[in-house]
Amino acid sequence: MSKLLENLNAEQFAAVTLPPQAALILAGAGSGKTRVLTTRIAWLLQTGQANPASILGVTFTNKAAKEMLTRLGAMLPINTRGMWIGTFHGLCNRMLRAHYREAALPQTFQILDTADQLAAIKRLLKTLNVDDEKFPPRELQHFINGNKEAGHRAAQVEAWDDYTRQRVGLYKEYEDQCQKEGVVDFAELLLRSYELLSRHEPIRRHYQLRFRHILVDEFQDTNRLQYLWLKLLAAHGAETPAAVFAVGDDDQSIYGFRGAEVGNMRDFEREFGVANVIRLEQNYRSHGNILDAANAIIANNSKRLGKNLWTDQGSGEPIRVYEAPGDMDEARWIVEEIQQLIRDGASRSDVALLYRSNAQSRVLEHQLFSSGVAYKVYGGLRFFERQEIKHALAYLRLLANPDDDTAFLRVVNFPTRGIGARSLEQLQDAARSFNTSLYATVPHLAGKPGVAIGGFLRLIEEMRRATDGLPLYEVVDHILDASGLRAHYRAEREGQERLENLDELVSAARYFMNEAEQPPAEGEEALPGDPLSRFLAHASLEAGDHQAEAGQDAVQLMTVHAAKGLEFDAVFITGVEDGLFPHEQSMNDLASLEEERRLMYVAVTRARKRLYLTLAQSRMLHGQTRYAMKSRFFDEIPEGLLKWLTPRVQAGFGAGAYHTPSRNAAWNSQHSSPDAAKRNPGAGAVQKSRDLAGLRIGQLVRHAKFGDGVIIAAEGSGQDAKLQINFGSAGVKWLLLSLAKLEAV
DNA sequence: AAGGGGGGCCTTTTT
DNA sequence: GGCCCCCCTT
């Protein structure tokens, strides 16, 4: 056991060995959070304070859950299967499958992912003849999910105005539709599980008695409902509550926009009477200058629980800043710099390009591509979200649950079998009057439309008969042919990749049965549900990696959000401009600006050795060139930590103070770059234009009243010239050059 | 039923 | 600028 605790620092040690009471671990970036969490579990088990079955480990992502299991497996020669470790949604799914009757769900209930949910809402609006201009489906989806995540059923939503009352009505209709079809969306998994526990005392007691240790990762990301769920499971307020060990970092809370409540951390501390708040502040990832910058930035936020990262690794290099005239120049410079890093011995996968919004990746990709630098973009469609996969899954869903109208409509005419919109409309009308699912309505349908659709029904029934008793992967393989999906994509010119993905789905099913789901060992509870339903749940809950081809040596491109939890030797944070980062839609109220600041904090703390902040004076955005000033976050970093690689005037001084534009020391600091001088692009001298008394578009100017701004457009020339200037918070103004006393900065 | 054209929109995203 | 969605045409 001593071996387990070896090499923990004092705070980590204290956290791991806390008595079994409510505890809050404030784990800074790179402070060994996952290690503490897993070591805690291992320690509880090894000291006999807990047995595997009494442990509940909750994470947000499947990746985190898997990592926890893997690390535990490496620490202890124990069977991890007795523990419940998984995501909130995965655990709720498991619970609902085990108690589907009490939860009032069919045994084979299906899970709607976000896209399925949106489709279901659109369909609902259509059947109810509701104007989707007045109730945009996406907005309604947001409304429904927001309410569910706050723990409110339609009946509990307070509606003060007519519009809200109408939306609540639609929420109710949506609930009914899902119930009728036997499907649940993501938020429903949580809410239904919460209601199951609160309404069925024996079930609640069972789990409360069982899970004596509840460990929660990324606690700052929990929403209200998740917090209530934990509180219920932990038997909060009872004589013998479970020990909740919550790990999180309020400074890294970047999912407020989707319902995360940082306030849960404070509530937890107060409501659970947390006696032990432990701060993990020693950072094992980044050099000192990087941490100093991160600390300085986040210090501007209010209502923090308080934390200051430190390292014993030394201060390292300054933070390099490059300001380019345009986004293309920014990308070009970054790629040249990356090539230099690679020449100096860095490997491509040690380098990350981070951006605030996905749209920024295009220019970077273009530049990387034309320079022949291998790169990999994170984001975009995942395996189980691909069109052909969703089609195949829809057939499987119909096998498992014929009442799933979403699945029915998805494939009733795909591949096309002559079932048009009109016959479907008739079917939907009939289904509404019979109050049955589409599938169940077909036999009631007399006459013409019934003929073609009847053929579809027979196809599904034939599939069901032919696959009865087959192992899962053969079921999948069979429906791919029987449905005509394979034939369809074979005939499509660009269908090759889709065919391969369909084959991959068969492999995924085989893998799922063999590896992911080993049969329970002796004495272990079996996972509830039939294999097909379990596989379909798996497909919804774990849509797969964002991009395969891992391991390849490529520069990593992703949003700052996607970078959370990752680390790289060299990090470029790009587009560090006001309006982009902080994003313009989040600059104007304190709460969202603070979330932007936390996002910057996350971005900065991804870097181990070297950090670059780059920006462009102008960039193509929404189809037009836009001009911006450097991000306000620059002002929050001590000047001494920054090294401007482009000429820059110190604010408040008229002249000079240019920083060296030369190349910096080489990656491993053995030698400096030989072509340094010739690659200095001399930013700022690029856009020569009409005579504007020495001013040019894109230039930074100072106005006595409005402060600093950027010239974004001009009309006329000479002393008649009118200039449009973006003064940031002071607004965008048209000024007459002859009147406005402008000073070039 | 499929493809083209036009209009509106535009952070961040896991489950 | 580009994507998605809708509608219109064929």
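Note that the numbers count up from 1, one per residue, in the order the chain is shown.
In case you wondered, yes, glycine gets a Cβ from its N, Cα and C as well.
TrEMBL entries are annotated by machine, without manual review.
Taken straight from TrEMBL:
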- A:Ala27, A:Gly28, A:Ala29, A:Gly30, A:Ser31, A:Gly32, A:Lys33, A:Thr34: ATP binding site (BINDING)
- A:664-673: compositional bias 'Polar residues' (COMPBIAS)
- A:6-287: domain 'UvrD-like helicase ATP-binding' (DOMAIN)
- A:288-565: domain 'UvrD-like helicase C-terminal' (DOMAIN)
- A:664-685: region 'Disordered' (REGION)
Just to be sure I understand the packing, how many Cβ atoms besides its own are within 10 Å of the Cβ of A:Gly28 (ATP binding site)?
25
DSSP secondary structure for A:Lys33 (ATP binding site), reduced to helix/strand/coil, please.
helix
Among the binding-site residues listed here, A:Ala27, A:Ala29, which has the most company in the form of other Cβ atoms within 10 Å of its Cβ?
A:Ala27
Looking only at the domain 'UvrD-like helicase C-terminal' (A:288-565), what is the mean pLDDT?
88
Please list, in sequence order, every residue of the chain apart from A:Ala27, A:Gly28, A:Ala29, A:Gly30, A:Ser31, A:Gly32, A:Lys33, A:Thr34 whose Cβ lies within 8 Å of the Cβ centroid of the ATP site.
A:Val36, A:Asp249, A:Leu280, A:Asn283, A:Tyr284
I'd like to know which of these binding-site residues, A:Ser31, A:Thr34, is least surrounded, judged by other CB atoms within 10 A.
A:Thr34
I'd like the Cβ neighbour count for A:Gly32 (ATP binding site), meaning other Cβ atoms within 10 Å of its Cβ, all protein chains included.
21
